[in-house]
Amino acid sequence: RAPLRLSDGPHRCAGRVELFYRGTWGTVCDGRWDLGDAAVTCRQAACGPPLALPARGRFPGGLGPVWLGDVNCTGSEAALSHCPSSPWGESGCHH
């Protein structure tokens, strides 16, 4: 289970999704982001259910690696890192 945080948002429960993996914070590509992905993210961040699904690229791109892409959560997973996705560090996305 990779630690998760939301960065550069207006409060702690909104922002760019970041995961801590191999000692480094990195981002998650939002190309196919949906409510299932948001539900898992919000639950892992202890923020309750998602209230909105912001438009792609609403938050700044961030720094460091893009850890995950093609995330496809059903909404029932315990952590974002448990959802099907591209292999770590092989998302094909960049900042």
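Including glycine, each Cβ sits where the backbone N, Cα and C put it.
Candidates considered were Cys83, Cys93; the recorded disulfide partner of Cys73 in TrEMBL is Cys83. Candidates considered were Cys29, Cys42; TrEMBL assigns the disulfide partner of Cys93 as Cys29. Contacts of Cys73 (disulfide bond) defined by a Cβ separation under 8 A and a same-chain sequence distance of 6+ are given as Gly36, Asp37, Ala39, Val40, Leu80, Cys83, Pro84, in order along the sequence.
A mean pLDDT of 91 is what the model gives for the domain 'SRCR' (4-95).
The local packing around Cys93 (disulfide bond), expressed as other Cβ atoms within 10 Å of its Cβ over all shown chains, amounts to 18.
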